[in-house]
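These notes concern the structure reproduced below.
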Amino acid sequence: MVKQRTVAKEISTTGIGLHSGTKVQVTFRPAPADTGIIYTRTDLNPPVIMKCDADSVRDTQLCTALVNAEGVRISTVEHLTAALSAFGIDNLFVDVNAPELPVLDGSSQPFIYLFESVGTVELDAPKRFFRVLRKVRVEDKEKWAELNPCDDGFKLDLTIDFNHPAMEKELQHFSFDFSGRGFASELSRARTFCFMRDVEYMHAHNLALGGSLENAVVLDDYRVVNPDGLRYPNEFVKHKMLDAVGDLYMEGHSILGAFSAYKTGHTLNNRLLHALLSDSKNYEVVTLSSREQENAGIDFIGSNVMHFAKA
Ligand SMILES: [Zn+2]
């Protein structure tokens, strides 16, 4: 049986918040089975606890945020969520002392490093997957995203369409068979990108005060401004795919199905997850035997064999 997971022990990191530009601390703590991903805003008195799910997601100008009924928010969660999916971590306490997670380098890689160094443990409960049973599609003008049933695992196919000298057409499409290791090597290092004109607008409006070449790829009208260039030749489409992986993992359950999209973003990805969950004919919640997992070609970044003791 494929089991639920959490981190092996507590670990913290600090970094700059994208919105505020100030230092933010985040601590990850092990959580028991069937907890889900639980965020706590430790800077509020009393602390506010928020469960990560599709309903709490709001797209903002810059990132994905979780917002509760009282309007309390935690921004920039999508790159963490994508990393969690690669480890198959479905239970975790995330304590943060600000309205946002640290942006780190604008990719999922620092989270991959963090969870690899601390390790994960299996919990004594079956892992739940969303298996897509029929086609679900959402559109916004020419943009679209869909999920289709597929025989094995989680497949992604994404196309972006930017008319920019630094983005060659053939580098704007990417297909990927999801696996934890594959995510770490192929997608996790792809950074957020933005255009110089957006940076100027944001700074003029006091937004993204923490944004810099340390945490984003910036393009002017002709080229990539970052002195070290790109991490992958197709870093842009890969980052959009990383975002989609994170956006589709907001419920903490891996997808068994085929995702394909054209010019998608956080809003459309979240609408797609909602559309999937809106009708019980669209999907089923399944558990997998180890054999089924192997046949489906699903793997997560390693876990040790010790079991997390029940609190
Ligand atoms: Zn992103």
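Placement of Cβ uses the backbone N, Cα and C atoms for every residue, glycine included.
As the structure is a computational prediction, the values presented were derived from the model and not from experiment.
Of the listed candidates (H79, H164), TrEMBL assigns H79 to the same Zn(2+) site as H239, D243. Other than the site residues H79, H239, D243, same-chain residues with C-beta atoms no more than 8 angstroms from the centre of those residues' C-beta atoms, the Zn(2+) site, are E78, A82, G106, S107, S108, A190, R191, T192, K240, M241, L242, G246. Of all the recorded positions given, namely H79, H239, H266, the one with the smallest number of surrounding CB atoms inside 10 A is H266. Between the CA atoms of H239 (Zn(2+) binding site) and H266 (active site, proton donor) there is a gap of 12 Å. For the pair D243 (Zn(2+) binding site) and H266 (active site, proton donor), the Cα-Cα distance reads 7 Å.
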